[in-house]
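K.L.:
According to Swiss-Prot, the record shows the following:
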type    : residues                               : note
DOMAIN  : 10-45                                  : domain 'EF-hand 1'
DOMAIN  : 46-81                                  : domain 'EF-hand 2'
DOMAIN  : 98-133                                 : domain 'EF-hand 3'
BINDING : Asp111, Asp113, Asp115, Tyr117, Glu122 : Ca(2+) 1 binding site
DOMAIN  : 134-169                                : domain 'EF-hand 4'
BINDING : Asp147, Asn149, Asn151, Gln153, Glu158 : Ca(2+) 2 binding site
Amino acid sequence: PEVTASERAYHLRKMKTRMKRVDVTGDGFISREDYELIAVRIAKIAKLSAEKAEETRQEFLRVADQLGLAPGVRISVEEAAVNATDSLLKMKAEEKAMAVIQSLIMYDCIDTDKDGYVSLPEFKAFLQAVGPDITDDKAITCFNTLDFNKNGQISRDEFLVTVNDFLFGLEETALANAFYGDLL
């Protein structure tokens, strides 16, 4: 089925939120520096050891590499959001599945203690690293939205369902408003 103008506008709003959140330097561009700074912020917020902080930094640099963000490369937030919407909305089923699976790199970045689950403190550190305006209460609400079975942790499966909804969903959902905080 053809994507309607309102569905496209909603999807673009999600991608703009994502890109604005990733632009932690606030310069209007997405760059490798942003991903490195997210890792530094998470390490500080989560009080990671030097070793864990470096592991987290390396994982975020892998995300930057996956996105083609070599040192010195930057793309405007607006262009990144439009490109993401354009490419995601025309993906075939197999490509969508691969995109969702590739997002597990981000899961591994957020799972700083490497126990295979994202805890509330880990998710909160990530959310507040990309959204310093996100309060503790909002972070908890977002976490609880993603923790479908209410066991106090976000599993890889729960994360994949959320990513699929965020990247490909065309209708407003609670999940979309929890992944990077409220849509901007």
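Placed from the backbone N, Cα and C atoms, the Cβ positions cover glycine too.
Fair warning: this is a prediction, and the values are worked out from it, not measured in the lab.
Relative to the rest of the structure, where do these features sit?
P.N.:
Long-range neighbours of the domain 'EF-hand 1' (10-45) within the same chain, counting only residues 6 or more positions beyond its ends whose Cβ lies under 8 Å from a Cβ of the stretch, are 3, 52-53, 56-57, 59-61, 63-64, 67, 69-71, 73-78, 80-82, 84-85, 88-89, 109-110, 112, 124-126, 128-131, 166, 169-172, 176, 179-181, 183-184.
Counting only same-chain residues 6+ beyond the ends of the domain 'EF-hand 2' (46-81), those with a CB under 8 A from a CB of the stretch are 12, 15-16, 18-20, 23, 28-32, 35-36, 38-40, 102, 105-106, 108-109, 112-113, 121-122, 125.
For the domain 'EF-hand 3' (98-133), the residues of the chain that approach it from at least six positions outside its boundaries are 21-22, 24, 38-39, 41-42, 45-46, 48, 52, 55-56, 59-60, 62-63, 66, 88, 91, 139-140, 142-143, 146, 152-156, 159-160, 163-164, 167, 180-181, judged by C-beta separation under 8 angstroms.
Sequence-distant contacts (6 or more apart, same chain, Cβ under 8 Å) of Glu122 (Ca(2+) 1 binding site) comprise Ala46, Ile110, Asp111, Thr112, Asp113.
For the domain 'EF-hand 4' (134-169), same-chain residues at least 6 beyond its ends with a Cβ under 8 Å from one of its own Cβ atoms are 11, 14, 18, 88, 91, 96, 99-101, 103-104, 106-107, 116-120, 123-124, 127-128, 175-182.
For Asn149 (Ca(2+) 2 binding site), the same-chain residues 6+ apart in sequence whose C-beta sits under 8 angstroms from its C-beta are Ser155, Glu158. In three-state terms derived from DSSP, Asn149 (Ca(2+) 2 binding site) belongs to neither a helical nor a strand segment and is classed as coil.
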K.L.:
Tally the residues of the domain 'EF-hand 3' (98-133) by DSSP class, grouping H, G and I as helix, E and B as strand, and everything else as coil.
P.N.:
23 helix, 2 strand, 11 coil
K.L.:
Take the mean position of the Cβ atoms of Asp111, Asp113, Asp115, Tyr117, Glu122, the recorded Ca(2+) 1 site. Which other residues of that chain put their Cβ within 8 Å of it?
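P.N.:
Residues close to the Ca(2+) 1 site, other than Asp111, Asp113, Asp115, Tyr117, Glu122: Ile110, Thr112, Lys114, Gly116, Val118, Ser119, Gln153.
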K.L.:
Could you give me the DSSP helix, strand and coil counts for the domain 'EF-hand 2' (46-81)?
P.N.:
22 helix, 3 strand, 11 coil
K.L.:
Taking Cα atoms as reference points, rank the binding-site residues Asp147, Asn151, Gln153 by distance from Asp115 (Ca(2+) 1 binding site) and give the first.
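P.N.:
Of all the candidates listed, Gln153 is nearest in space.
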K.L.:
Over all shown protein chains, what is the count of other CB atoms within 10 A of the CB belonging to Asp115 (Ca(2+) 1 binding site)?
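P.N.:
The Cβ of Asp115 (Ca(2+) 1 binding site) has 10 Cβ neighbours within 10 Å.
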K.L.:
Given the binding-site residues Asp147, Asn151, Gln153, which one's Cα is the least distant from that of Tyr117 (Ca(2+) 1 binding site)?
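P.N.:
Spatially nearest to Tyr117 (Ca(2+) 1 binding site) by Cα position is Gln153.
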